[in-house]
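Undergrad: As annotated in TrEMBL:
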type	residues	note
COMPBIAS	478-489	compositional bias 'Acidic residues'
DOMAIN	2-146	domain 'SPX'
REGION	468-489	region 'Disordered'
TRANSMEM	251-269	transmembrane segment
TRANSMEM	281-304	transmembrane segment
TRANSMEM	316-333	transmembrane segment
TRANSMEM	339-357	transmembrane segment
TRANSMEM	378-400	transmembrane segment
TRANSMEM	412-430	transmembrane segment
TRANSMEM	515-541	transmembrane segment
TRANSMEM	547-569	transmembrane segment
TRANSMEM	578-598	transmembrane segment
TRANSMEM	604-627	transmembrane segment
TRANSMEM	672-696	transmembrane segment
Amino acid sequence: MVAFGKKLKESQIQEWQGYYINYKLLKKKVNRYAQQLEIGAQDHHYVLKDFSRMLDSQIEKIVLFLLEQQGQLANRLCDLRQQHDVILQLSNGGSKICELQEAYRGVGHDLLRLLFFVEMNAIGLRKILKKFDKRFGYRFTNYYVKTRANHPYSQLRQVFRHVGIGAVVGAISRNLADLQDHQGNYVSIYDQPALSHPDPIVHSIKAAVNKLSNSTNFLEFLGKHAFIMQDDLRSPFGDDVAEQRYHFMSLLLNLVNTFLYMVNTYIIVPTADDYSLSLGAAATVCGVVIGSMAVAQVFSSVYFSAWSNRSYLRPLVFSSIVLLIGNTLYALAYDLNSIVVLLVGRLFCGLGSARAVNRRYISDCVPHKLRMRASAGFVSASALGMACGPALACLFQTDFKIYKLTFNQETLPGWIMAISWLIYLLWLSISFREPPQEIKEDIIPQEVRAGTVVNYAVENGITRPLLLNTEPKQGENGDQEYDDGEEESCEKTRKPVTSIVSAYRLLTPSVKVQLLVYFMLKYAMEILLAEASVITAYYFIWSTNSVAIFLACLGLTVLPVNIIVGTYISNMFEERQVLLASEIMVLIGILLSFHIGIPYSVPQYVGSALITFVSAEVLEGVNLSLLSRVMSSRLSRGTYNGGLLSTEAGTLARVIADGTITLSGYFGVAKLLNATLVPSLFICISSIIATCFTYNSLY
């Protein structure tokens, strides 16, 4: 493609100049928007709508010209097809075949020009969207691409799906293959796709199409999944190095670690109240038993995040050992008759939370093309562990002793998890491969060097020749000084923060509201799950098996709900609309959960719990998506990253929720339900009000 670009004549470029995306005009418009916002002349809502309108106009111009050129190529191919049919009827049409082949090659060269045109515009569109995001501090790209790409009359689809171009490529390839004498017969590419000597122009076209796909696939990905893979969110090692660092078994071990930890978290929930009673404590102490793990996780998330900067294997080994010790102490507490040992065991389990390492491994060591699948695997492993934990508790309805050790429904979760972590530790020691940690700052990724030519052309105007130039760019009207400053600013914004104070200073009001929403949903879910055994035993006299089945069924809704949201709801509504609607549904679920006046029934409890839990799950997915777009790019890497902040917010919510259950227990089990729901109601209403105030900034 670059070679072809070098061969383009100035007159050919000038001929299509008016149909390229006007990058300089859009760039100046972005600068003008920034000035207007600084002096208060315009608001963000106007800027977003006006810039969207300008982009729509630019894309419409590109697409209509593209369709016109495709039509001209199609007419030429149609004429050549008629000549082709005539020549095939001739017995001695060798010279005519050569002429026809040259005619098809001519169409191929013009197609290369058109492919170049599409690629230049796709890159120009990508660059102006990224520039807009960087200047204004929030993710306009996701809003724009998602709303345009998923519309039934989308013109943006023509830019990145290029179906018409594919048909032209197919016609040229097929006819050139038909005209090639292969083993004495005219062969079709459909019968023998891999010809031994395909025409050189076909090679060039395929290379151009592949390069175009690399430039535009990210847009299609955004349209389908509403997920932005920016340069700041890529692996800091580059895709080539990530390929070398990638090891499937190591990735699998990280996913197993995620699964086991979630099982470890929820396997004790159905029996925590009984265990507390067995040790002489109140049933509501189960809140402290469950929450002690979350308390420790507040601290473990930080040191594991920092540790993953240097190693992946050592933190995982440490995590497995600590979890092995913690579960053993949890199981021994019964025979030692010590609530202190029980709590210490759960604290050790929290100190072994290596989810920060699991996420970091996927981000740093999985190639870009596999990262989406790995991330989906992480979510699936978490959801499966959440469902399997309570389900496993159903299987432990037994009571026996071996020597002085008791094995019953209260201690077996600890013993089973201790054995599981021991097996995992042995597997980890044998199969995990530590990826190399060398990072060379002065190495520029190959894809960046390869994109220099096209990026140079987009920055400096389409009329400039596409020559690989190592000298500084010379823009017009003083653009050079602004661009240099912008590049230096970009370098600064890429540096990760080095302290929690610095991270907090980067939190905009929109980010703080989204963290509040995340806190709210985690608080509501923890209240629901942690007190389920106490509430159901008091109101409905449910057995441990019934509680376990109920919690497992709730956990099993996670994946189907996320599939529905990702496939259908996110394509029908804006994410901020789904966010607000989900918050209102959580509020409705909380209101329906209160016990006021009438006798409390199983349908009321199960129905309200299902509404609350499912709505919170929908809310979590949308909230994290919005959070990733409104959060500063400096929080995408390093120890104090956005993932750590959201994890800390969620963990803190769980700690406070479990503490609320224990404190409310002093008022008696009869008042426990309403006493724990009042804080949930207050926090939920606060988050809805805060969301309404920042609604217009959530794109």
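Think of each number as a place in line: the chain as shown, counted from 1.
Cβ from N, Cα, C; glycine included.
TrEMBL annotations: computationally assigned, not manually curated.
Help me understand the surroundings of these features in the structure.
TA: Beyond the ends of the transmembrane segment (251-269), by six or more residues, the same chain brings 275, 289-290, 293, 312, 316, 319-320, 323, 327, 330, 349, 352-355, 357-358, 361-362, 365-366, 374, 377-378, 381-382, 384-386, 388-390, 392-393, 413-414, 416-417, 420-421, 424, 427-428, 431-432, 529-530, 532-533, 547, 551, 555 to within a C-beta distance below 8 angstroms of the stretch.
Remote same-chain residues near the transmembrane segment (281-304) are listed as 265, 268-269, 272-275, 315, 319, 339, 342-343, 346-357, 526, 530-531, 533-534, 537, 639, 644, 647-648, 651-652, 654-655, 657-662, 664-666, 669, 672 (criterion: CB distance under 8 Å, separation of at least six residues from the stretch ends).
Residues 254, 257-258, 261, 264-265, 275-276, 279-281, 285, 288-290, 292-297, 299-301, 304-305, 307-308, 312, 315-316, 318-323, 325-333, 414, 643-644, 647 of the same chain sit 6 or more residues outside the transmembrane segment (339-357) yet have a Cβ under 8 Å from a Cβ within it.
A Cβ distance under 8 Å defines the sequence-distant neighbours of the transmembrane segment (412-430), meaning residues of its chain 6+ beyond its ends; these are 253, 256-257, 260, 263-264, 267-268, 271, 313, 316-317, 320-321, 323-324, 327-332, 345, 392-393, 396, 398.
Residues 266, 269-274, 283-284, 286-287, 290-291, 294, 507, 547, 550-551, 554, 579, 583, 586, 589-590, 595, 600, 602, 605, 609, 612-613, 616, 619-620, 623-624, 627, 645-646, 649-654, 656-658, 660-661, 669-670, 672-673, 676-677, 679-680, 683-684, 686-687, 690-691 of the same chain sit 6 or more residues outside the transmembrane segment (515-541) yet have a Cβ under 8 Å from a Cβ within it.
Beyond the transmembrane segment (547-569), the same-chain residues lying 6 or more positions past its ends with a Cβ under 8 Å from any Cβ of the stretch are 225, 266, 269-270, 379-380, 383-384, 386-391, 393-394, 529, 532-533, 536-537, 578, 606, 609-610, 613-614, 617-618, 621-622.
Tertiary neighbourhood of the transmembrane segment (578-598): same-chain residues 517, 520-521, 524, 539, 565, 569-570, 604-605, 607-613, 615-616, 618-619, 622-623, 626, 673-674, 677, 680-681, 684-685, 687-688, 691-692, 695, 698, selected by CB-CB distance under 8 Å and a gap of 6+ residues from either end.
Sequence-distant contacts of the transmembrane segment (672-696) (same chain, six or more residues past either end, CB-CB distance under 8 Å): 43-45, 284, 509-510, 513, 516-517, 519-520, 523-524, 527, 531, 534-535, 538-539, 576, 579-580, 583-584, 586-587, 590-591, 593-596, 600, 657, 660-661, 664-665.
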Undergrad: For the transmembrane segment (604-627), could you work out the same-chain residues 6 or more beyond its ends whose Cβ comes under 8 Å from its Cβ atoms?
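TA: Tertiary neighbours of the transmembrane segment (604-627) are 226-227, 511, 514-515, 517-518, 521, 524-525, 528, 532, 535-536, 539-540, 550, 554, 557-558, 561-562, 565-566, 569-570, 575-576, 578-579, 582-583, 585-586, 588-590, 592-593, 642, 646, 698.
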